[in-house]
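Remarks on the structure that follows.
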C-alpha cells in the first residue's frame, strides 16, 4: 500500500463516493447508550471484583479507576474522534501518526480484542439464565443457545445502526431499573461497616485488575463509527461526558447496595451473583427482573460491540487498508461483510470461559492502547495546528503526564497475565505482522480490488490552510 498525502493511501486505488451520506445519523441520546453498552451495560460482570478483593477495594476501585483510565481514554477519544470524524476511528489515528503498518496492527489487535469481548456476552447471558433454565448450563443446549442468540443479534445489526441505537436506549433503561429498585429496598438493611471489609493478604490482584479494566475500558470503540454520528464534532464529546457519569454511577450504586445489605461471602461473588442478591433483598420477583435485565443488557452490549467492530472494518476498507468488499453496505446501510466476519469470530471464541476471555481481550487491548497513546502524542507534537474541534485543555506536556498512570496500569495488567494468555495473545499479534505485508502484496498484484474514499478528510490539508491564513 503506497504512502501519499495521508500516509497510508493505497496504490492504484479507485476513488469512491461515501455510501452513508443519505443514511440516518445517530443522535446524542442513542450515542450515549451505545457508548454505555460498549463500555459497561450495567453492573453485570463486576461481581468478581468483590470475590477477588473484598468490598472496600472493589468500591475504591470503581471510584479511583475512572480517573486513572476511563477519563483519560474518553478525553483522547473526544479529541481524536473530532479530529478524524470518520469510520475507522483509532485505526486512522495511528495510521496518520505512525504509518500504514502500525495502523493496520492497531486495527487487527483492536478488532480481535473487540470480537473476543463480544464472545463474552452469550456466556454472561447464559450464566444468568441457567439458574432459571438449568439446561443451558452446558452441553448441546448451551451450544444451540449461543448459536441462536448470535444469529438473532447479528440480524439486528444488519438492519441498521439507528435501530441499534434506539434499541440500546430501551435496553439500557430496562437494565438499570431493577438496580434502582433494589437499592431503594436495600436502604433499611445497609450496614456501612460491611463496606470496609478488606484482607490484603487474600487479594487476587490479577482477577481484581482484569475485572476493573474490562468493566471500565473500550471508551474509544465509539470512534470507529464516528462517520455515522450526527454532527460528530459537537455530539461526540458531550456523549462521552454523559456516558462516563452513567457508567460509574451504574456500577457504584448496586455495588454499595449489594455489599452493604447482604453479609459478605466472597466465594459467592461471581458473575450472576447480583440475581441472588436481588432475591435476598427483594424476593423472587426482583431476582427474575435482574435476570431479565441481564439478558437484555448482554443483548445491548453484543449489538453495540458488533457495530463498532464491523464499522471499523468498513472504515479500514474506505482508507484502502482492507479489500474493497469490506466497504460494501447492505440495503440498510450497514457493513455487511464486517458484520459477518465479526459474528464468525464470536462463534469461534464462545467456548472459552469468562475469566479466559477477559484476560485474553485485556492483553490485546493493552497493546492497542499503547499504540493509541503514542499516536495521540505524536500528532500533538508534529501537527499542533491541525484542526481539533475539541482539544484536551492540558497542553502536550500535561497530556504526557496524564498518560503516565494508565500506561503504568497497562504494564501491570500485562505482567500479571498468565503464560497461556500471553502466548496466545502474542501469537495473535504476530499474525497481524504477517497479514499486513500479505495484503500489501495482494494489492500490488491486483488479485483483489482495493479502493480509497476520496471524500474522507485529510487533516494535513486543513492544517496547511490554517497556517496560510495565519501568515496572511
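Just so it is clear, glycine is given a Cβ too, placed from its N, Cα and C backbone atoms.
Taken from TrEMBL, the feature transmembrane segment covers 28-46 (among others). Below 8 angstroms of C-beta separation, residues 58, 62, 70, 120, 124, 128, 162, 164-166, 168-169, 171-172, 175-176, 179, 211, 214-219, 221-222, 229-230, 235-236, 238-240, 242-243, 246-247, 250-251, 254-255, 271, 274, 293-294, 297-298, 300-301, 303-305, 307-308, 354 of the same chain, each at least six residues beyond the ends of the transmembrane segment (28-46), sit close to that stretch.
Here TrEMBL flags 52-76 (among others) as transmembrane segment. Listed as Cβ neighbours of the transmembrane segment (52-76) (distance under 8 Å, sequence separation of 6 or more from its ends, same chain) are residues 39, 46, 194-199, 202-205, 207-208, 211-213, 215-217, 219-220, 240-241, 243-244, 247-248, 251-252, 255-256, 259, 264, 266, 369, 372-373, 376, 392, 402-403, 405-406, 409.
The transmembrane segment annotation in TrEMBL covers 88-105 (among others). Within the chain carrying the transmembrane segment (88-105), a Cβ under 8 angstroms from the stretch's Cβ atoms is held by residues 1, 3, 6-8, 80-81, 220-227, 312, 314-316, 318-319, 321, 368, 371-372, 374-376, 378-379, 382, 429, 432-433, 435-436, 439, 459, all 6 or more beyond its ends.
Taken from TrEMBL, the feature transmembrane segment applies to 141-158 (among others).
If you look up TrEMBL, you'll see 164-187 (among others) marked as transmembrane segment.
The transmembrane segment annotation in TrEMBL covers 239-257 (among others).
According to TrEMBL, the transmembrane segment annotation covers 277-296 (among others). Within its own chain, the transmembrane segment (277-296) has Cβ neighbours under 8 Å at 42, 44, 124-125, 128-129, 131-132, 171, 174-179, 181-182, 185-186, 189, 257-258, 261-262, counting only residues six or more beyond its boundaries.
The transmembrane segment annotation in TrEMBL covers 336-354 (among others).
Annotation source TrEMBL lists transmembrane segment at 360-381 (among others). Below 8 angstroms of C-beta separation, residues 73, 76, 79-80, 83, 90, 93-94, 96-98, 102, 105-106, 109-110, 112-114, 116-117, 120, 210, 213-214, 217-218, 220, 352, 396, 399-400, 403, 406-407, 410, 413-414, 417, 421-422, 424-425, 428-429 of the same chain, each at least six residues beyond the ends of the transmembrane segment (360-381), sit close to that stretch.
Sequence annotations record features per position, and here TrEMBL assigns transmembrane segment to 393-415 (among others). Same-chain neighbours of the transmembrane segment (393-415): 68-69, 72-73, 75, 209-210, 213, 362-363, 366, 369-370, 373, 376-377, 380-381, 384, 422, counting only residues six or more beyond its ends whose CB sits under 8 Å from a CB of the stretch.
The transmembrane segment feature in TrEMBL is assigned to 421-439 (among others). Non-local neighbours of the transmembrane segment (421-439) in the same chain are 1, 100-101, 104-105, 108-109, 112, 321-323, 356, 359-360, 363-364, 367, 414; each lies 6+ residues outside the stretch with a CB under 8 Å from one of its CB atoms.
Sequence-distant contacts of the transmembrane segment (141-158), counting only residues of its own chain at least 6 positions beyond either end whose CB sits under 8 Å from a CB of the stretch, comprise 122-123, 125-126, 135, 164, 167, 299, 302-303, 306-307, 310, 330, 332, 334, 336, 339-340, 343, 346-347, 350.
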